[in-house]
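Residues annotated as compositional bias 'Basic and acidic residues' in Swiss-Prot: 264-275. Annotated disulfide bond per Swiss-Prot: Cys312-Cys320, Cys319-Cys389, Cys348-Cys421, Cys352-Cys423, in sequence order. Summarising the annotation, Swiss-Prot assigns N-linked glycosylation site to Asn165. Feature annotation from Swiss-Prot assigns region 'Disordered' to 264-306. What Swiss-Prot records for 1-20 is signal peptide, and it gives similarity to another entry as the kind of evidence.
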Amino acid sequence: MPLLWLRGFLLASCWIIVRSSPTPGSEGHGSAPDCPSCALATLPKDGPNSQPEMVEAVKKHILNMLHLKKRPDVTQPVPKAALLNAIRKLHVGKVGENGYVEIEDDIGRRAEMNELMEQTSEIITFAESGTARKTLHFEISKEGSDLSVVERAEVWLFLKVPKANRTRTKVTIRLFQQQKHPQGSLDTGDEAEEMGLKGERSELLLSEKVVDARKSTWHIFPVSSSIQRLLDQGKSSLDVRIACEQCQESGASLVLLGKKKKKEVDGDGKKKDGSDGGLEEEKEQSHRPFLMLQARQSEDHPHRRRRRGLECDGKVNICCKKQFFVSFKDIGWNDWIIAPSGYHANYCEGECPSHIAGTSGSSLSFHSTVINHYRMRGHSPFANLKSCCVPTKLRPMSMLYYDDGQNIIKKDIQNMIVEECGCS
């Protein structure tokens with residue numbers, strides 16, 4: 001039974017390899033049009049007819065992805081002036097200085113944004129009481145300290161207002177960052193001593209907001225620039241003093257917390273009567289202040305750099321991406337394809353030695369690593385399997401073209417252009 005299961009897994013794995021490498025296309029077409037990278041890699045490159053054969057493979061692939069059996073017959077092309085006017089009105093593209101149409105690459109931008117969002121971490125850090133009165137301490141996790149580009153950072157505070165409050169409708173809340181300096185480098189003065197600030201410290205206004213004091217609710221204070229400075233300095237903690245001079249007059253209170261339990265304080269930092277009841281504290285636990293951080297690693301961060309596929313330069317024989325551009329004007333297709341001017345029909349070629357099979361960054365890396373583990377140890381039936389050089393990253397492409405009825409069509413095609421190659 002285990003052997004039968006193993007054979008089944010092997011067959012499924014081979015099917016995954018075959019199905020993962022091509023660009024998806026319509027059913028009912030041959031494998032070559034569905035996978036230009038695979039088709040181009042198998043064609044001879046040195047023969048006299050190699051270039052025409054490669055171009056024909058690209059043509060079939062484009063028609064397949066547009067769900068066309070043949071190229072549209074454009075017998076009476078639309079006058080260029082009318083075409084350009086329609087494009088401007090429909091906002092599907094723009095006309096360059098050279099008169100050529102350029103497509104607004106919304107799909108490409110969306111793909112880049114999605115990739116960026118996948119690399120962004122969101123961290124919520126709950127506050128602890130600081131070393132002085134009315135201060136909060138936020139300790140960013142190790143996950144956060146490994147990030148270096150702040151997309152967004154906010155401190156969330158809950159303002160509790162008694163139901164009978166009508167004396168003041170607005171209060172001002174200020175957040176000050178507590179900064180520690182080397183001994184003797186700063187004159188803190190009497191005010192710092194009154195605030196309970198020990199040592200050489202200064203304050204920097206982080207955020208200021210006028211809020212409604214007629215209802216209990218959360219208030220958000222942006223602190224992105226401050227968190228960015230902390231990360232740039234290699235620090236991972238933020239100390240904040242909260243100030244609300246009008247809170248006492250209005251009866252409102254900011255919900256802060258102590259070392260072991262949360263407490264309510266008024267504008268002067270004094271504990272309010274009746275706020276230490278166990279039931280009340282349990283009820284208010286959800287109002288604990290917190291810091292919300294969205295950040296990512298920088299482009300040049302050593303841990304962020306994933307292994308990118310090689311570019312074929314004629315000097316390497318291992319798996320790499322071969323650049324191949326087909327101009328629609330050169331192949332006589334610019335009469336029905338309005339934009340872009342050509343297609344980057346990149347493909348993968350090269351050898352896959354055992355030591356690079358299943359490399360990091362490949363969408364097939366986990367599967368490949370498992371197979372390669374058994375293959376290198378001679379375990380049958382994996383011993384005779386060979387790694388393949390396949391696309392590991394593809395990007396979309398937008399096309400603007402005429403159909404047989406002289407209609408202008410804009411189509412966004414996923415997984416159209418090979419960006420990186422790797423060993424399966």
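Each Cβ is built from the backbone N, Cα and C atoms, and glycine gets one as well.
Comparing Cys320 (disulfide bond) with Cys423 (disulfide bond), their Cα atoms are 9 Å apart once rounded. Nearest by CA distance to Cys352 (disulfide bond), out of the disulfide-bonded residues Cys312, Cys319, Cys421, is Cys319. Figure note: comparing Cβ neighbours within 10 Å for the disulfide-bonded residues Cys319, Cys348, Cys421, the maximum is reached by Cys421.
Close to Cys312 (disulfide bond) in the fold, though at least 6 residues off in sequence, lie Cys320, Lys321, Lys322, Gln323, Glu349, Gly350, each with a CB less than 8 Å from its CB.
Shown are the disulfide-bonded residues Cys320, Cys389; of these, the residue with the fewest other Cβ atoms within 10 Å is Cys320. Across the structure, Cys319 (disulfide bond) and Cys348 (disulfide bond) are spaced 7 Å apart at their Cα atoms. Look at the Cβ of each of the disulfide-bonded residues Cys352, Cys423 and count the other Cβ atoms within 10 Å; the largest number goes with Cys423. Under the DSSP three-state reduction, Cys348 (disulfide bond) is assigned to strand.
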